[in-house]
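A quick write-up on the structure given underneath.
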Amino acid sequence: PAPFLENARKGSIVSRANSIGSTSASSVPNTDDEDSDYHQESYKESYKDQRRRAHTQAEQKRRDAIKKGYNDLQAIVPTCEQQDFPIGSQKLSKAIVLQKTIDYIQFLHKEKKKQEEEVSTLRKDVMALKIMKVNYEQIVKAHQDNPNEGKNQVSDEVKFNVFQGIMDSLFQSFNASISVTSFQELSACVFSWIEEQCKPQALRDVVIGVLHKVKSQLY
C-alpha cells in the first residue's frame, strides 16, 4: 500500500502541474500573430494616407493651374479690367471672364479680316502705281529719244475743249436716259445707256462731231 500511495500522490502532483502549466500557457497572449496584424493594419493605413495626400496634391495643382489661367485671361483681355464695374464689386466670375474672352477673340477675328481686306486693297493700289510708273517711264523715254516730236503738239486749251465737248455730249444722252427714282431703276438704266451710247461706233461718232466743232472754232 505504501508504494501505491506514493505513486498516486506523485501522479496527482504531476496532473496538477500539467493543469497549471496548460492554464498558464493559455493565459499568455499570442504576440507573434498580433504583431503581424498590427503591422498589416499600419501598412494599410499608411497606403491610404499616401493615396489621399497624392490625390489632394493633384487636385490642388489642378485648381492652381485653372486659377492661373483665369488670372492670365484677365490680364490679357482688356475688357476684363475691373474698371468696367462699380467700386466695391466682387471679383469677376469665371463665366464673365470666359464670355469676355470669347467676345474679345471674335473682335480680333473681325479686325484681322478687316486688315486683310485693307492690305489686299493696298496691294492692288501698289500694282496700279507700278503700272503707271512703267507707262510714264516709257513716255519720258520716248520724249528723250525724239526731242522734236512735241513741237507741233495740240495746246492744253484745245485738249480741254475736246474733252468738254465729248463729256457734254455723253451727259446729255445720260441725263435723257437715266432715272434716279430708285437704285434698281438707276442700275437698269445705266446698263442700258452703256450698251446703247458707249458702243465703239457711237463714241467714234461723238468724237468726230466734237473735233469738227472745235476745228471750226479754231479756224
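Even glycines carry a Cβ here, placed using N, Cα and C.
Unlike curated entries, TrEMBL annotations are predicted automatically.
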*asked:* Please identify the range among 77-104, 105-132, 161-188 that TrEMBL labels coiled coil.
replied: 105-132
_DSSP helix/strand/coil residue counts for the domain 'BHLH' (50-108)_ = 48 helix, 0 strand, 11 coil
